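Report on one structure; see the data block that follows.
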Amino acid sequence: MGEEDSPLIHPSHGSYHELPHKESIFSPRRALFRWFVLLIVSLICFGSYFAFDEIQPFDSQIQKTLNIERADFSNLYAIYSFPNIILVFFGGLLGDKIGVRLAALIFVLFVFAGAVMAPLAVSLTAAGKISQRSGYIFLLAGRFVFGLGGESLNVIQTSMTAIWFAGTKDLALALGFTLSMSRLGDYLALSFSPQIAKLFGGDWIAALWFGTVLAGISVGAVLLYSVLDKASERYFPDRKIDPEENALNFKAILQFDARFWIVSLLCMTYYSGVTPFIALCNDFLKDSYHFDDEKAAFYSGIIILASMILSPILGKFLDMVGNRPYFVVLGSCMILPAHLMLAFTQVTPLVPIILIGLSFSMVPGCLWPSIPLLCKAKETATAYGLMTAIQNAGLSLTNFAAGRIADLSYKEAMIFFVCMDLLGFAFGFMLIYVDDYKGRTLCLRSGATKEDLVEDDDK
Ligand SMILES: C[C@H](NC(=O)[C@@H](N)CCCCN)C(=O)O
């Protein structure tokens, strides 16, 4: 069968490779079907990433319409992130307990409700139907509801990809592809919202409603995924949901592999060096390099654009070569000089920005695909949830700190990012060491087994 191209064997996940069923069109062994499912999965967060960032390009219009200050506007992001230090962990647990289909449906409905509430709040205020104060509270509530689903939906999406691709030769490519589609949502929202508004005769509130339509597509994608996943359920016997066995098992979490904790801490420090930087980048370029609005937006968009294009390409490369801990260190090596250049030199920011974009594909391309190699299939969503909770815990502090430090001086903010990079660097070396000690699972090529690793070493 020409379409079957993957040795579906995996230390903890592989189980759909040996089933004696006659291959149906819904068999995950069929590469074409698997990739079709992935396309649907990738649409799930395309809309939610767009809706998350759609308010950013219209910050001044929103502030004016609701009569709020910059700090009030920042609260629209904080109210999304803070609850997710805890919530996303339970979101992951829920995914393993009730299954990814039902969990995704719950979370995407929260996302959709939030994506309706945000433009509705602004529309009602602009039309004078509610006061500016009520409009702001309504908008805050919308962002809160959006946050109840947003991060957990991301965790479930990553778990869906792991379910379908762990054990194949294409896990990092698949995760890179979903990441790429999510970043496309981000990029469209951040860089093209004014153009979208132009399509609606310059009506910026219509551009916010456009985000609601994309969130509607996310709902449709979850429903379609559920149908396809249900149809191929018999190929995944490992996924049978046993509510007893899957009861909140905190003990199991404490017994997670040491490398899971290192990867999670690395995820926290690495994203702390990048995400707050992206948030500040626009203003930083305008203040430090005297760029105009358009040039600053173009340059800061390069990071997301680069990682959007490179994530699947580097994903495929990492699938083929394995050695994830080494590439994490290499990715950290790129971001460190980039922040140093921005802090201490006057070289064109293009070079460091491209380095950050390259690193922002390589490091996530190693971190997220590492999880299925370190945990059991039934714990995947829990593990992703916990990792994202740890990431959010760090990010909520570092976002806050970086903003305050940047108010004093951008140079010191860059030095702050250098410190985050150094921490990431240290965790990267720790990962190499611990993985080496524990049998080099993270060095496996995707779809390979430990025996392959021994063979490689023998050559
Ligand atoms: C895959 C990874 N996801 C995250 O970092 C999540 N915390 C979701 C963030 C959503 C922000 N729009 C990533 O996006 O690199």
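Numbering starts at 1 and runs along the chain as displayed.
Heads up, the Cβ atoms here are built off N, Cα and C, so glycines get one too.
For 37-438, the entry in TrEMBL reads domain 'Major facilitator superfamily (MFS) profile'.
Annotation source TrEMBL lists transmembrane segment at 32-52 (among others). Sequence-distant contacts of the transmembrane segment (32-52) (same chain, at least 6 residues past either end, Cβ-Cβ under 8 Å): 3, 25-26, 80, 104, 108, 111, 114-115, 118, 146, 149-150, 153-154, 157, 160-161, 164-165, 168, 174, 177-178, 180-186, 188-189, 211-212, 214-218, 220-222, 224-225, 228-229, 232.
If you look up TrEMBL, you'll see 77-95 (among others) marked as transmembrane segment. Remote same-chain partners of the transmembrane segment (77-95), defined as residues 6 or more beyond its termini with a Cβ less than 8 Å from a stretch Cβ, comprise 52, 103-104, 106-107, 140, 143-144, 146-148, 150-153, 155-156, 159, 248, 381-386, 388-389, 392-393, 395-396, 399-400.
The transmembrane segment annotation in TrEMBL covers 102-124 (among others).
Summarising the annotation, TrEMBL assigns transmembrane segment to 136-156 (among others).
Marked as transmembrane segment by TrEMBL: 163-184 (among others).
Residues annotated as transmembrane segment in TrEMBL: 204-228 (among others).
According to TrEMBL, the feature transmembrane segment maps to 260-280 (among others).
Same-chain residues lying 6 or more positions outside the transmembrane segment (296-314) and placing a CB less than 8 Å from one of its CB atoms are 172-173, 176-177, 179-180, 183-184, 186-187, 190-191, 274, 278, 281-283, 285-286, 349-350, 353-354, 356-358, 360-362, 364-365. Look at TrEMBL and you will find 296-314 (among others) tagged as transmembrane segment.
Long-range contacts of the transmembrane segment (326-344) within the same chain: residues 266, 270, 273-274, 277, 284, 318, 351-353, 355-356, 358-359, 362-363, 365-367, 411, 414-415, 417-418, 421-422, 424-425, 428-429, 431-432, 443, each at least 6 residues beyond the stretch ends and with a Cβ under 8 Å from a Cβ of the stretch. Taken from TrEMBL, the feature transmembrane segment covers 326-344 (among others).
Sequence annotations record features per position, and here TrEMBL assigns transmembrane segment to 350-371 (among others).
What TrEMBL lists as transmembrane segment is 383-402 (among others).
Residues or ranges marked as transmembrane segment in TrEMBL: 414-434 (among others).
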_Are the transmembrane segment (204-228) and the transmembrane segment (102-124) close enough to be called in contact, which here means at least 3 C-beta pairs under 8 A that are separated by 6 or more residues?_
yes
*asked:* Under 8 Å for C-beta pairs, could you tell me which stretch among 102-124, 260-280, 350-371, 383-402, 414-434 has the largest tally with the transmembrane segment (136-156)?
replied: 102-124
*In the same chain, which residue numbers or ranges, 6 or more beyond the ends of the transmembrane segment (260-280), come under 8 angstroms Cβ to Cβ?*
300, 303-304, 328, 331-332, 335, 339, 356, 359-360, 363, 367, 370-371, 374-375, 383, 386-387, 390-391, 393-395, 398-399, 402-403, 406, 410, 413, 417, 420-421, 423-424, 427-428, 430-431, 434
